[in-house]
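Reviewing the structure listed below.
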Amino acid sequence: MEDSKRKIWTVQCVLLLLIGSCISQLCASDDVKFYDSFDDAFDGRWVVSKNEDYTGVWKHSKSEGHDDYGLLVSEKAKKHAIVKKLDEAINLKDETVVLQYEVRLQNGLECGGAYLKYLRPQDAGWTPEGFDNESPYSIMFGPDKCGATNKVHFILKHKNPKSGEFVEHHLKYPPSVPSDKLTHVYTAILKSDNELKILIDGEEKKKANFLSSEDFEPPLIPSKTIPDPDDKKPEDWDERAKIPDPDAKKPDDWDEDAPMEIEDEDAVKPEGWLDDEPEEIDDPEATKPEDWDDEEDGEWEAPKVDNPKCEEAPGCGEWKKPMKRNPAFKGKWHAPLIDNPNYKGIWKPQEIPNPDYFELEKPNFEPIAAIGIEIWTMQDGILFDNILIASNEKVAETYRATAWKPKFEVEKEKQKEEESTDSDGLKGIQKVVFDYLYKIADIPVLGDHKIKVLELIEKAEKQANLTIGVLVSIIVVILSLLLKVIFGGKKQPAQTHVETKKPDVAETSNDQGASTEEKEEQNEDGAAAPRRRNARRDS
């Protein structure tokens, strides 16, 4: 047994040495511009901001369940800021640049960021000790989640060649943040042909072009033309596609005053109806509280309970004929709509050349001179590790295979074991469901509906009983969008009148329920509380 353990230990040591050797060789490669494994303490290499707003403490800590160290956000509900100045500024213009790092949300992430900022040189107006949210960066990349926001940011701060101003350009429809507590590796690949790729755990989640107006908001290249701000809509411009038919006349038998409902004259009072019995009676078992003061609390009244005589009878109290729909009801008459002969379409101002337009062959990337982490988060336990800047995609792939993959597999296996030990297995099933839901949220066809879908998913994640309802809602949203794409908008037929809808039964019931709750206050024992004729007077 001891020989077996010794052999396993020897193999593990050899593997660790091989991995360490590979990483050492990679670090020595010209393709690696920067790398920090955080195996050693960060003191002296990274500078913690001394800005008074950033009081969150950074720690050199092990990842849960591993001997691997990282840079830890140790306090929740605080701002954290730390920065590492690079030995040499990195040019992003002429070659492929790969930005990659690992982050583990050990306590989850309900509201906060876990992104990196790739900062411009200090002559742009910042210092490591004063590093804050205003420090000028070139690229911001990584997870951000709070409320409706759930995305892996990619923001390029680009210098407008005409105005000289720096403008934030956000990647449209970025991927969502994984919802588990495992270590994930985020990769952004900037290529010399203006292509951008976002990878999560080595899997491509988004491909974009820096110069495409479809991929960034606002686009890096302004539109060639803009609406003329001085153009005005002519007074006789008619935008109505349909108009009421001026020749139509209300039919003689159309009664606008007929009510929607009338009494059912054929209804008969059920046999056994107790006209003289109230639906509620005073609780015969209720007694006046000993501490009740008639002067302060008013005259005491026993709480009401359901009349037991009404339980077996068809009803109690004054019987009234039920209402039924009025067959003569037609509602207010409106003339049918016809095509407008004067319709000119929706007016738009004429386009004029955009004075701010410029052409661009490549983005004006600012060099990266430092890496900063500047975040505010409601959760602690965020662990950053293996921050890499390289000029070769294969190098980043190798780091993922050697530094990230082994940890991830161990964590994934442990997660499976924990899910399998769950008594009813519901937790594991829900985890799979939510993983798929977040993948669905990344479908491009959702477009602007993505935020709504993510809100639904997050609500269901906090309230597991809503999962089925959320699934149905998301399916409805997607089907609606697909039908709209396939069939387009459908014109509504002309209506000769508008019928007032009968109040929804569910809504009426809800209103009645609300009024009932106001009448019946519940005490701590669950019994109906005594009703007071007069409000308690201020002493």
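The backbone N, Cα and C atoms fix where each Cβ goes, and this holds for glycine too.
Marked as signal peptide by TrEMBL: 1-28.
Sequence-distant contacts of CYS111 (disulfide bond), defined by Cβ-Cβ distance under 8 angstroms and a gap of at least six in the same chain, are LYS145, CYS146, GLY147, THR377, MET378, GLN379. Per TrEMBL, disulfide bond is recorded for CYS111-CYS146.
The region 'Disordered' feature in TrEMBL is assigned to 210-313 (among others). Shown for the region 'Disordered' (210-313): DSSP residue counts in helix, strand and coil, namely 8 helix, 21 strand, 75 coil.
Summarising the annotation, TrEMBL assigns compositional bias 'Basic and acidic residues' to 227-252 (among others). Long-range Cβ contacts of the compositional bias 'Basic and acidic residues' (227-252) within its own chain (Cβ-Cβ under 8 Å, at least 6 residues beyond either end) map to 333-340, 342-352, 494, 496.
Marked as compositional bias 'Acidic residues' by TrEMBL: 253-266 (among others).
According to TrEMBL, the compositional bias 'Acidic residues' annotation covers 273-284 (among others).
According to TrEMBL, the compositional bias 'Acidic residues' annotation covers 291-300 (among others).
Among the features that TrEMBL reports, compositional bias 'Basic and acidic residues' is placed at 301-312 (among others).
Per TrEMBL, transmembrane segment is recorded for 466-487.
Under the heading region 'Disordered', TrEMBL lists 496-539 (among others).
Under the heading compositional bias 'Basic residues', TrEMBL lists 530-539.
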